[in-house]
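Input: a single structure, listed below in structure tokens.
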């Protein structure tokens with residue numbers, strides 16, 4: 001399992017210098033000496049895109065991911081079966097070309113491919129929404145904390161530290177137990193767990209940025225604080241944030257399937273990859289395809305997301321090559 | 001780095017040491033852990049019975065086929081008015097610490113089970129005893145309980161109304177004796193392993209919670225000579241798939257349940273290790289009869305029952321590992337004939353047409369669809385049955401919202417009446433039709449659907465007061481027909497006991513109450 | 001240093017307070033109580049039970065009672081496991097989780113670091129691609145998929161290893177759970193080690209060392225390895241947290257008597273005190289682990305001082 005609240009993601013840590021690790025300090029630790037700062041402007045984006053395009057693994061992954069998303073969204077409309085439709089003649093039959101269940105059926109006679117694609121919709125939407133939630137909270141929190149600085153920053157980061165030490169996974173499990181199996185709760189709960197890292201990264205960026213000339217200039221010109229944060233600080237931290245987002249998405253997908261595996265996922269007839277894998281596990285002796293099919297979809301997606309994440313990091317932060 | 005490696009190797013050596021070979025110990029996979037080794041503090045689940053049944057022996061005990069036979073009592077008699085029973089105790093019964101088992105141990109056991117401070121969950125099974133209910137409510141003194149010791153080896157039990165099944169009840173673990181010398185010394189802590197003494201064929205030696213309970217043969221057991229096992233280990237296996245794997249790999253000699261929907265595959269792959277035996281148990285959907293729920297309309301309840309193809313659920317989802325039924329009282333209950341729900345066995349097309357007509361009549365149709373909430377507790381088989389049922393109701397234009405929750409939540413919610421359709425099941429406490437029909441009585445806490453019929457209630461009351469068994473049967477059958485005609489609920493199947501049993505084992509007999517004392521079992525090398 | 005430790009420990013107090021309060025009230029507002037079950041209790045029996053566990057008192061009162069007991073180190077009785085106190089259970093379960101987690105971390109470091117170094121040294125060769133591809137596999141396939149598959153393959157089909165159970169921590173019983181738990185961490189550590197090794201090898205002081213004519217082995221073992229391990233070290237905190245949460249699933253799959261399983265079962269059974277006990281215990285554990293990792297970090301990197 002991914003750690004639900006890793007203070008340093010391996011990739012982030014490796015993307016910066018070792019001294020950049022601000023795991024130790026709540027508020028006033030040493031600032032990243034030389035964080036990779038994205039310069040605003042189109043040239044950088046174009047430069048990054050050029051580098052990304054030359055990364056064959058990342059591009060293949062990107063194409064596969066788009067394909068996966070398209071299949072999951074459009075596939076169910078094209079397939080002859082419905083999500084909850086039971087084929088009474090084919091309970092738990094293996095993959096075959098004979099009966100239009102190309103990847104077999106589940107133990108209830110429902111088409112496994114159809115369910116896997118529907119499950120993909122859920123898993124991918126959880127990934128997107130939860131990442132978005134964590135992104136919004138984390139970026140705002142981090143930028144505000146870093147920009148205001150001083151005692152407020154100290155206090156806000158203390159709070160983050162406190163949150164870090166919470167056994168979060170346990171609270172999420174408790175939440176799911178308490179409020180039942182509900183997809184919106186999954187969005188919110190996972191998003192609420194994942195924003196901490198984002199807040200720290202953005203804060204670090206902000207701290208180093210705000211001493212730069214153009215911010216001080218804006219200050220001197222009397223630009224409002226809120227405008228400085230939204231117009232200058234956040235856009236300028238976008239590079240590391242994008243890197244981090246690509247790392248969060250697979251983590252969120254894993255987290256969702258982890259919860260589903262423990263039986264805390266979405267309600268029938270809805271499904272997700274985690275739910276399908278959990279069902280497959282209990283049928284793997286005798287009906288291994290029920291485990292293999294959803295596991296393969298999940299694994300391919302996670303593979304691609306990781307490759308793409310690596311590629312994006314290389315593209316946005318050329319020093320690591 | 002080198003030090004770390006050698007450290008790991010040393011550790012590996014140490015860990016590999018406890019691997020000793022167990023000779024003639026029985027390894028049983030149970031799917032829940034007893035709450036306690038104190039019979040007054042367990043819930044009476046199958047796994048409680050498994051463990052405590054081997055550790056303690058009541059006045060009456062169980063033969064391999066599930067029949068009752070003398071235990072600590074050698075014989076018993078009942079007074080002419082049926083209100084006083086006298087049990088004679090054997091004089092060679094011993095606790096595992098060598099102390100004799102006396103009538104006093106039973107008196108204290110029954111008193112503790114009913115003591116409000118002990119708060120036994122199963123206390124109500126002993127309510128036939130005189131003053132028992134009042135004591136448990138805190139309205140009477142514990143000493144007034146209708147049970148007295150006459151010397152060390154005779155016990156009198158007084159009842160408040162004749163109860164023919166008392167010997168059966170005395171074989172239940174709630175009626176196990178307690179070592180009064182230890183209870184007086186240690187209170188509720190008497191079950192701690194350093195204190196405990198047991199009077200059954202085995203005594204506990206180790207208990208690693210969430211892992212296993214290890215017991216060894218009790219040398220003081222009165223029939224110790226015939227016990228061939230050196231010990232029994234009970235392994236907690238919550239997940240049926242894990243249980244299956246552990247059974248297949250030889251870790252377990254017995255696994256106390258398996259996934260019904262894998263029945264065909266299991267039969268093909270494990271052959272005669274797969275045991276299936278009818279059990280007095282009914283799996284049903286409670287339908288909410290209360291005002292404000294669409295299911296309060298009898299037409300809706302009838303339509304739901306008509307469209308439910310029980311044979312297909314049993315054949316497809318459960319792969320034949322149970323018997324479809326539309327009745328509440330299952331086949332095999334003594335002195336009772338199986339009833340059927342009217343209309344549900346006809347041709348499916350006709351049934352569906354009738355169901356459609358009924359729903360239309362009740363005001364539901366394409367522009368006014370029927371939305372129902374189906375609750376079930378999180379388990380694979382319950383989920384699969386719910387999915388199948390929803391698919392069967394779908395052609396009627398019924399949209400089922402499925403809500404699953406863990407057992408504690410599920411039962412709390414359905415007891416509050418927060419459902420339209422809810423999964424439930426009933427396993428007989430004792431072999432009598434009234435034990436099943438009681439769950440539809442207006443005042444019963446198990447009447448989840450809130451079914452209320454004056455006629456049904458009065459038939460049950462008449463039956464309880466009817467001494468003649470044939471007339472009683474008539475009244476009970478009439479009551480069930482009343483409830484089935486009202487479509488009070490939706491029975492689905494009569495459940496079966498499912499076990500995986502090592503074929504090299506002797507002494508295991510499938511039986512209707514699914515209880516198997518390890519003292520009868522031998523493992524062939 | 002000491003004052004830093006004291007400060008960190010003081011900071012743990014609000015953390016624990018939040019953990020305790022949040023989980024206490026979360027548990028209590030959860031639908032279903034510890035005594036709800038298939039067997040509907042007659043009202044008088046339910047009343048007896050509620051009184052026996054003080055559940056009939058007002059909630060704030062229960063909270064204060066719990067906090068009071070906690071201050072005296074008493075986690076209370078388990079509602080479900082009546083022959084054990086929560087302290088008993090944690091004392092029984094923690095060594096299991098510790099052994100599992102400790103071995104998994106050790107395995108992850110023992111395999112992950114050499115894998116990463118090797119890949120870095122053979123950068124952009126087949127060896128590198130092979131190692132990193134494997135590592136990516138470890139990240140992409142979650143442990144709850146790998147674990148049952150390994151159990152099926154090595155346990156049921158080949159019969160080499162037990163498919164579950166603890167057996168007092170015997171080595172054969174440990175292999176599958178430890179490996180399943182470690183795989184992902186191995187992968188993370190290998191990737192991280194590779195990246196930081198590449199970076200260190202490209203830095204000025206390594207170039208200087210090479211220029212001074214030191215041979216490649218000395219350069220790598222004497223100079224490059226230590227700084228390259230810093231990110232791995234700082235990853236240990238999250239890795240431990242990840243292993244703790246991962247062990248919840250692994251303990252569930254293999255039926256091991258660790259506290260992760262106590263927690264999940266406790267939450268599902270509404271065993272209030274057991275859930276609270278395990279959560280509080282984990283809270284303390286995570287605080288301590290983070291502290292230890294940070295102190296370790298300072299040992300490796302003398303540039304960091306705790307004097308702010």
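Note that the numbers count up from 1, one per residue, in the order the chain is shown.
Glycine residues also receive a Cβ, built from the backbone N, Cα and C atoms like all the rest.
For C:94-297, the entry in TrEMBL reads domain 'ABC transmembrane type-1'.
Per TrEMBL, the feature transmembrane segment maps to C:9-30 (among others).
Beyond its flanks by at least six residues, the transmembrane segment (C:100-121) meets 127-128, 131-132, 135, 174, 177-179, 181-182, 185-195, 197-198, 201, 220, 225, 228-229, 232, 236, 239-240, 243-244, 246-247, 250-251, 256, 258 of its own chain at Cβ-Cβ distances under 8 Å. Positions annotated as transmembrane segment by TrEMBL: C:100-121 (among others).
Summarising the annotation, TrEMBL assigns transmembrane segment to C:133-158 (among others).
Residues 99-101, 103-105, 107-109, 111-113, 115-116, 119, 131-132, 134-139, 142-143, 146-147, 150-151, 154-155, 161-164, 232, 235, 239, 242-243, 246-247, 250-251, 253-254, 256 of the same chain lie 6+ residues outside the transmembrane segment (C:170-190) yet bring a C-beta within less than 8 angstroms of a C-beta in it. According to TrEMBL, the feature transmembrane segment maps to C:170-190 (among others).
What TrEMBL records for C:232-254 (among others) is transmembrane segment. Same-chain neighbours of the transmembrane segment (C:232-254): 96-97, 100-101, 104-105, 108-109, 112-113, 116, 143-144, 147-148, 151, 163-165, 176-177, 180-181, 184-185, 188-189, 192-193, 196, 260-261, 263-264, 282, 285-286, 289-290, 293-294, 296-297, 300, counting only residues six or more beyond its ends whose CB sits under 8 Å from a CB of the stretch.
With a cut-off of 8 Å between Cβ atoms, the residues of this chain six or more beyond the transmembrane segment (C:274-297) that come close are 5, 8-9, 12, 15-16, 19-20, 23-24, 27, 66, 70, 75-76, 78-81, 86-87, 89-90, 94, 230, 233-234, 236-237, 240-241, 244, 259, 262-263, 266-267, 304. The transmembrane segment annotation in TrEMBL covers C:274-297 (among others).
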Sequence-remote partners of the transmembrane segment (C:133-158) [C-beta within less than 8 Å, at least six residues beyond its ends] = 115, 164, 176-177, 179-181, 183-184, 186-188, 190-191, 246, 249-250, 253-254
Cβ under 8 Å to the transmembrane segment (C:9-30), counting only same-chain residues 6 or more beyond its ends: which ones?
-> 59, 62-63, 66-67, 70, 267, 270, 272, 275-276, 279-280, 283-284, 287, 291
